[in-house]
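Peer 1: Quick one: structure below, then a few questions.
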Amino acid sequence: MSLINETIYGTRMDQREVEIEICLAYPPKVTTRGLLAYRHGIDVLDYSVPRLQLQMVVIYVLTQILHSLLKNVGLPLFISQILAGIILGPTFFGDELYLFNISEESVAVLGTVGGFGILFYLFLCGVKTDLSLTFHSGMKAMYIGILTVIVPIISCLITISIRQGGVDLILGKTFFLATTYAGTSFPVIHYLLTELRILNSELGRLGLAAALVGDMVTLVVTMIGMWLKIWIQQGTEQVLLDIGLAMLAVVIAAFVLRPAMKWMVKKAHETGHIKDVHIYVIVVAFMLSPWLVVQFHLQAKYGPIILGLAVPDGPPLGSALVEKLDPITTELLLPLFLTTCGMRFNLSNIKEPSQFTKDHAVGATVTLAIKFGVSWVLAMFCEMSIRDSLAFSLIMISKGIVEIASYSTMNDMTIIPNDMFCFLTIMVILVSSIVPILVKKLYDPSKYLCFKKRSIMNTKLNQELRMIGCIHPTEIMLNRSYSENVIIAFNEFQRSFWKAVSVKVFTAVSPPDLMYGDICKLAVDRFTSFIILPFHRRWCIDGSIESEDHSIRNMNFYILERAPCSVGILLDVRRNLKSFTVKDKSSSSHNSSYYNIAVIFMGGQDDREALALAKRISQDESVGLTVIHIKASNSLDTFRAENDRVLDEEMLNDIKESVKLTYLEEHVNDGIETSNFLRSIVEDYQLIIAGRRYKCEDPQTLGLGEWCEFQEIGIIGDLLQSSGFVGNYFLLIVQQQQQRRSA
């Protein structure tokens with residue numbers, strides 16, 4: 001029986017010393033003989049273990065029921081867990097005693113078990129965090145991460161100061177609370193991006209990098225505010241001691257814990273696996289970390305975070321810890337914590353809010369709006385479309401588990417009153433519910449299109465050109481020897497062109513319908529400008545079809561639609577026996593290693609991209625480049641956009657003025673004349689490059705579109721691969737990067 005009127009649902013994380021008188025019965029009742037105890041008039045709910053088990057069952061069942069209803073509208077699981085706590089809390093049951101409020105001992109046991117959930121969650125967030133991302137995030141992510149925290153904090157302080165009439169911002173609670181309203185949480189945004197499956201998109205990568213920077217800025221600003229308060233209240237000596245202890249904790253983590261973790265990783269490489277004793281040592285260190293960091297005058301929650309950051313992310317150690325601890329954390333302990341957070345909520349507390357709550361409610365709302373606006377403006381400066389900018393801004397203001405844990409802890413520590421906790425809980429629930437739904441509407445995760453221009457045209461001639469060449473086995477040959485032969489071939493190619501070519505080989509085994517995702521993600525990761533894909537059909541020398549893989553064709557369509565850069569499809573059209581009897585016209589004046597390349601140019605962005613690629617190839621002295629400009633007779637192409645015509649002329653002028661390159665013009669009236677002309681010149685070249693020009697039928701191709709069999713290579717590509725063309729050449733069809741349209 002408790003001697004206090006207010007029931008506390010503790011997470012056992014508070015550090016504030018509050019004198020509370022509670023009467024507990026000793027020895028504590030822990031276990032019973034089960035249902036047989038009822039025969040002797042014993043209530044099993046008086047015992048902590050069966051009571052905790054029943055509480056857990058009720059929480060999990062109610063959570064799953066709510067989630068099965070809410071997941072269809074896109075709400076995350078932790079919303080269902082918080083709502084389950086609200087349903088089981090005083091909002092529905094009032095102040096009556098019930099399953100979760102039988103005694104203070106019942107509350108303490110449930111709160112303690114749930115408290116382990118948030119501590120494990122923070123530890124695993126630290127394990128999954130790659131701090132090197134902060135240093136390699138780029139200036140855009142750096143600016144976004146800093147400004148989306150600093151500007152909202154200043155706005156919040158100004159708003160609350162005006163409403164409260166110049167209250168002391170440092171000595172009071174305002175500065176500390178402002179950092180919680182405006183702060184960016186890396187674990188929350190990582191969780192959101194993972195749930196939306198856009199973690200590897202360029203939007204997700206920018207958001208993740210900005211979130212990590214913002215989280216670091218939030219931590220630094222919070223610590224500075226705390227030290228300023230100590231300096232004002234206790235003097236310079238105390239604040240210097242606290243700063244020194246904090247720095248010492250960081251040094252220990254960096255130069256003691258981190259090397260120890262790396263030693264474990266080294267041992268794992270020697271033995272082939274992580275020893276169980278190493279896992280046990282880390283878990284024991286985790287259990288001690290909250291108490292240890294308190295000795296360094298830091299908040300207890302920083303202990304698991306610092307220890308987690310000291311663990312090298314990824315295999316073997318980081319992934320082993322996540323594999324062993326993540327299920328018990330996310331499925332068992334964390335739901336209990338979030339439910340106990342929801343049980344603090346009492347709707348009756350906000351019927352008559354205090355002036356303090358009203359002021360901070362306005363401040364928190366203004367902060368959220370300012371953070372959204374700053375994120376949107378900065379995203380527009382990054383040349384995102386309006387839809388992507390709005391999606392990015394929503395991601396940056398998202399709230400989640402970390403925020404609800406902070407507000408619950410502050411409520412335990414009496415930093416915020418009950419009515420304000422209820423308002424902040426409502427804000428977290430609303431933001432966490434609306435953000436994923438709107439982001440799904442605004443952003444298409446199936447597209448990997450970039451906000452930067454990643455095309456050959458936008459790469460300078462003397463600049464590195466990053467390309468991805470895709471190789472697929474024609475049969476079921478996904479074995480080690482096949483992969484090794486491919487790697488050996490590429491390594492030999494690199495040695496043959498030493499200092500001119502750098503080759504990195506990647507091997508991936510994917511389902512055919514998901515193969516495009518691996519290629520597009522790799523293109524994003526490697527900042528690629530050009531992807532070369534194989535055509536799905538191969539011919540024998542006599543012209544018959546050797547193989548045809550429709551899964552590769554589907555993959556090509558997916559990549560053409562979603563690629564983050566320009567794309568080329570390479571066809572081997574050397575399939576006619578008589579093509580080998582045709583005399584190579586270049587052999588009389590050049591040696592056998594000389595290559596004739598032709599570009600079929602009709603105008604448009606794809607043709608300009610093809611010409612840009614050919615100009616790069618022509619820098620090799622063993623290559624002769626001929627640009628064949630097929631024009632419509634009698635000015636039939638005057639309907640083309642003026643901008644396209646200007647850009648075409650600019651590129652062609654460079655070709656006309658070049659001494660090394662050859663420029664030819666051919667005037668035609670329709671597609672038949674174009675076909676006849678191309679049939680007459682294909683024997684002269686070993687490689688023909690043309691633009692895809694999808695859904696672009698000009699007078700030069702009039703009448704050919706209805707006979708096009710393979711839309712992925714366009715009208716000209718389909719014409720040049722047809723059986724009516726005799727030659728010994730390769731065909732490369734190019735599509736320029738598709739930029740997203742501003743909405």
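Note: Cβ is positioned from N, Cα and C throughout, glycine not excepted.
Please treat TrEMBL annotations as automatic predictions, because they have not gone through curation.
Take a look at what TrEMBL says about it:
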DOMAIN    59-440  domain 'Cation/H+ exchanger transmembrane'
DOMAIN    485-572  domain 'Cation/H(+) antiporter central'
DOMAIN    597-737  domain 'Cation/H(+) antiporter C-terminal'
TRANSMEM  77-94  transmembrane segment
TRANSMEM  106-129  transmembrane segment
TRANSMEM  141-162  transmembrane segment
TRANSMEM  174-194  transmembrane segment
TRANSMEM  206-227  transmembrane segment
TRANSMEM  239-257  transmembrane segment
TRANSMEM  277-298  transmembrane segment
TRANSMEM  361-382  transmembrane segment
TRANSMEM  420-439  transmembrane segment
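Are these features on the surface or tucked inside, and what are their neighbours?
Peer 2: With DSSP states grouped into helix (H, G, I), strand (E, B) and coil, the domain 'Cation/H(+) antiporter central' (485-572) comes out at 39 helix, 19 strand, 30 coil.
The DSSP breakdown of the domain 'Cation/H(+) antiporter C-terminal' (597-737), given as helix, strand and coil counts, is 62 helix, 33 strand, 46 coil.
Proximity of distant same-chain residues to the transmembrane segment (106-129), defined by a Cβ-Cβ separation under 8 Å and at least 6 residues beyond the stretch ends, is recorded for 7-13, 48, 51-52, 55, 100, 186-187, 190, 212, 286, 289-290, 301, 304-311, 313, 318, 321-322, 325-326, 328-330, 332-340, 401, 405.
Beyond its flanks by at least six residues, the transmembrane segment (141-162) meets 169, 174-175, 178-179, 181-184, 206, 209-214, 216-218, 221, 359-360, 362-364, 366-368, 370-371, 374-375, 378-379, 396 of its own chain at Cβ-Cβ distances under 8 Å.
A Cβ distance under 8 Å defines the sequence-distant neighbours of the transmembrane segment (174-194), meaning residues of its chain 6+ beyond its ends; these are 76, 121-122, 125, 128-129, 145, 148-149, 152-153, 155-157, 160-161, 164, 167-168, 204, 207-208, 210-212, 214-215, 217-218, 221-222, 225-226, 229, 360, 363-364, 367-368, 371, 395-396, 398-403, 406-407, 410, 415-416, 435-436, 439.
Tertiary neighbourhood of the transmembrane segment (206-227): same-chain residues 129, 131, 133-134, 137-138, 140-142, 144-146, 148-150, 153, 170, 175-176, 179, 182-186, 188-190, 193, 199, 239, 242-243, 246, 382, 392, 395-396, selected by CB-CB distance under 8 Å and a gap of 6+ residues from either end.
With a cut-off of 8 Å between Cβ atoms, the residues of this chain six or more beyond the transmembrane segment (239-257) that come close are 223, 226-228, 230-231, 285, 293, 296-298, 306-307, 309-310.
Sequence-distant contacts of the transmembrane segment (361-382) (same chain, at least 6 residues past either end, Cβ-Cβ under 8 Å): 140, 143-144, 147-148, 151-153, 155-156, 159-160, 163, 174, 177-178, 181-182, 206, 353, 388-390, 392-394, 396-397, 420, 423-424, 427, 431, 451.
Outside the transmembrane segment (420-439), and at least 6 residues removed from its termini, the chain residues within Cβ reach (under 8 Å) are 73-76, 78-79, 82-83, 192, 195-196, 198, 341-342, 344-347, 349-350, 353-354, 356-357, 360-361, 364-365, 368, 390-391, 394-395, 397-400, 403-404, 407-408, 410-411.
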Peer 1: Let me spell it out: take the transmembrane segment (277-298), skip the flanking residues so only those 6+ beyond its ends count, and list any with a Cβ under 8 Å from a Cβ in it.
Peer 2: 13, 15, 119-120, 123, 241-242, 245-246, 248-249, 257, 264, 267-268, 304, 306-307, 311, 317, 320-321, 324-325
Peer 1: To what whole number does the mean pLDDT across the domain 'Cation/H(+) antiporter C-terminal' (597-737) round?
Peer 2: 85
